[in-house]
Amino acid sequence: MIKIKKRKILLLPGDGIGPEVIQEVKKVILWLNSNKSLDFEIDEDLAGGCSYDKHGTPITDEVFYKALESEFVMLGAVGGPKWDNLEFSKKPERALLKLRKELKLFANLRPAICFEQLVDASTLKPEIVSGLDIMIVRELTGGIYFGEPRGIKPIENGERKGINTHSYTTSEIVRVAKVAFDLARKRSNRVTSCEKSNVMEAGQLWKEEVQELHDKEYKDVELSHMLADNCAMQLLKNPKQFDVIVTDNLFGDMLSDQASMLTGSLGLLPSASLGAKNKDGEMRAMYEPIHGSAPDIAGKEIANPIASILSFAMALRYSLDLDSEADALEKAVQDVLNDGLRTKDILSQGKKEVSTSAMGDAIISKLQ
């Protein structure tokens, strides 16, 4: 293989089990450097509660600038009960929100794939989820999480009022819809756009702009519109009707979590947050497992690293266009599951329980 240019990767292990699962990603990166003539330069730093403990802030300016200079960021997990009582601006999760906003990561990709080896782990019947492969594309930097005005203010009679603003512009909708349509062209060529156009003006605009974009540039892709509450119901009733779902920040947050539980384990599911491409065709991006920091099992060597490793596979695919390497890594995960190896969260009768590091080593062994 031809040696490619040096690529800077910033690892932010974060809190709880984050350092343990990111360590397994680091092992994969070093293996690729040694065996596939890839040239990744790894930097590692603090974000989340661990950063607050050391620096008094969930992410320092220095770390943020490192993120700006990196090809992409690999995040472990942030947060935990230890920091629940901090003021809002100091909470570990603010590091994640700042990275998303300032790196302009507008599209969150959340695959919900049911591994055949684990189909019995789903709460739904096997025939409902077997073969499930959904990609949820969530708009990430607009909507009610970032809209202004916002806040809590006193009003008359000693009451208080909480305010959040839900708004979207044409450009915010169109750019994330383009991501969804482009992904669909590489999958089963179907997009379902979800909103609440029956009661929300922002939802009406969303539906109109997605339809107009489709009619202008993506007529070859099958497009349907669905109210978000109906989508939540359909994900339980008939999830395999979906290919790519595109939706706003709030509904995407909820629907992607719901879809993830169809698969049986959060420990298997990756995510990607993508930004716009510059004139050289490069884009900023951040990759992370969808599971939380799980402080109750931190340090016990029982965390599942598969979601983090598959997140790195997404980085190979979407940030570096290394599809063959991404395919090989995803196949290695499948092969290990076929061998019956399981971390504690996905362990079932007749399978062999392995530690976090042993699972990482087994996956690397399949890359040989």
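Using the three backbone atoms N, Cα and C, a Cβ is placed for every residue, glycine included.
Among ARG138, ARG190, only ARG138 appears in Swiss-Prot as part of the substrate site alongside ARG100, ARG110, ASP229. Within the set of recorded positions GLY80, TYR145, LYS196, ASP253, the entry lying nearest in space to ASP229 (substrate binding site) is LYS196 (CA atoms).
For the pair formed by GLY80 (NAD(+) binding site) and ARG100 (substrate binding site), distance between Cα atoms is given as 20 Å, rounded to the nearest Å. DSSP assigns LYS196 (site 'Important for catalysis') to coil, not to a helix or a strand. In the three-state DSSP reading, ASP84 (NAD(+) binding site) counts as coil. When the recorded positions PRO92, ARG110, LYS196 are compared by Cα distance to ASP253 (Mg(2+) binding site), the shortest distance belongs to ARG110.
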